[in-house]
Amino acid sequence: MPEASANIGVVGLAVMGSNLARNLASREGNTVAIFNRSYEKTETLLSEHPEAEFVPAATYREFADSLQKPRTAIIMVKAGRPTDAVIDSLVEVFEPGDIIVDGGNAYFPDTIRREKAVRETGINFVGAGISGGEEGALLGPSIMPGGSDESWVTLGPILKSIAAVAEGEPCVTHVGHDGAGHFVKMVHNGIEYADMQLIAEAYDLIRRGTGKSPAEIAEIFAEWNTGELESYLIEITAEVLRQVDAETGQPLVDVILDQAGAKGTGAWTVQTALSLGVPVSGIAEATFARSLSSHPEQRAVSGDLPGPEDEFTVEDTESFIEDVRLALYASKIVAYSQGFDEIRAGAAEYDWNIDLGAISKIWRGGCIIRAQFLNRIADAYQAEPGLPVLLTAPYFTEAITRAQASWRRVVIAAAEAGIPAPAFSSSLSYYDGIRADRLPAALVQGQRDFFGAHTYKRIDKPGTFHTQWSGDRTEIEAEDTH
Ligand SMILES: NC(=O)c1ccc[n+]([C@@H]2O[C@H](COP(=O)([O-])OP(=O)(O)OC[C@H]3O[C@@H](n4cnc5c(N)ncnc54)[C@H](OP(=O)(O)O)[C@@H]3O)[C@@H](O)[C@H]2O)c1
């Protein structure tokens, strides 16, 4: 039987798991046990990284025996059934009080189910969202753990030691119980979709409006990255636009097929928002824009549909680019505001006590949406933890006040030019909807009452009402059937 020398273990040694294991091993005081279903990956990691002094295991039993108690193991395998298979195997060899962490991209209802099932054995189960891709796993990711308070006591210091650091603070916090961590990671990814789509729309409008080359637009993004838009995604956009294809000498962006892929977290965010009744229109449009791009057969037969007659040319290039920058900023504020709404609604639905300010802080480093701007979100929630609409925090109200005329000009220009800008325009519609005194929802209620007797409320007196549409059209008091 091996000596129980490791204080943490990793199961699953593909790119994410092996990088996370190396990150753990590089931190003072950690000895890391490793296990992979097929032993070749374990051998490769051992031979390539002797400095990590890993403790290898060939079986789950050996893996459990090599861990000090309470045993703590992080699973980094394919989400779905592989994760269930690994959990089942670990439960067989672990004991009450031990901790199993799923660091994969699990769908949060699966995490809730798994946490409940594992808890019955006395073992702790923690679903932890880990963002930052391979590089983050190695150098410091943003980590969003759920699970019990008891597991956080053991796990907290370990996760803090490997997380990214932003302004001196580790990018990890105990998000909430059971599936809270994976829920927040899901919304993080949804916001990432929106942010990427908004940047893509800005690029498209500038390119088609001004005729600038990708390399020239890269300089614009690099410049934007020195101001209020400073973020990892703006930074890498400049890098991608600067890249020249070695084979053709063309800008790389011009030889990449324009069909965007997705692994499903954007769709999960939107599906969940729909069932919670939270409008995340920026994330939804971004997800749908990827879907639209990925139907070549439909695009092929639609190419001859008419567009605007006039060519799109911008008269004042500099002010148009500034308008696009401000439209991007305002739309981005909307997308984040909507994402935080979804987290708040999820917390209420699933009874999680989530500190929204703390979430924005742990996204400042390590993850894909890391940005300066997240400090402003943290400030807003610190000043008013119950803030119902992020947009109404003074900093964001000022930013949108400054941006809104540009935002409207850009959406008008896009519509007139026949350039799709679904995330820009839906964000503006959301903004105008949420600030409206009165919405045409009143008419929708009237229609619902007409065909389905769904009833309505009145602005001038309490109660629920129905108009007898097929009779004499008098109004009667009715039961609330909402
Ligand atoms: N790649 C990223 O940038 C990224 C970012 C964030 C989160 N994640 C998440 O991190 C997790 C790991 O990602 P990855 O890209 O490193 O690996 P992956 O390709 O998603 O999964 C490969 C790993 O899963 C193991 N595996 C598959 N089926 C198994 C089963 N039935 N039983 C036991 N092990 C099984 C494989 O073992 P064998 O070697 O034996 O096949 C291998 O270790 C995933 O949940 C992923 O969604 C990935």
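For all residues, glycine too, the Cβ spot is worked out from N, Cα and C.
Unlike curated entries, TrEMBL annotations are predicted automatically.
Since this is a predicted model, take the numbers as computed values, not measurements.
Record check: TrEMBL places G12, L13, A14, V15, M16, G17, N36, R37, S38, V77, K78, A79 at the NADP(+) site, and the matching candidate among N30, N105, N124 is N105.
Summary of the site annotation: TrEMBL records substrate binding at N105, S131, G132, G133, H188, N189, Y193, K263, R290, R448. Screening the candidates H182, H454 against this entry identifies H454 as the one listed for that site. With a CB cut-off of under 6 A applied against ligand 1, the binding-site residues G12, H188, H454 are reduced to G12.
Most other Cβ atoms within 10 A: among the binding-site residues N36, S38, N105, that distinction falls to N36. Comparing Cβ neighbour counts within 10 Å across the binding-site residues K78, R290, H454, the minimum falls on K78. In the structure shown, across all protein chains, K185 is the one of the recorded positions K185, H188 with the greatest number of other Cβ atoms within 10 Å.
Most other Cβ atoms within 10 A: among the binding-site residues A14, M16, that distinction falls to M16.
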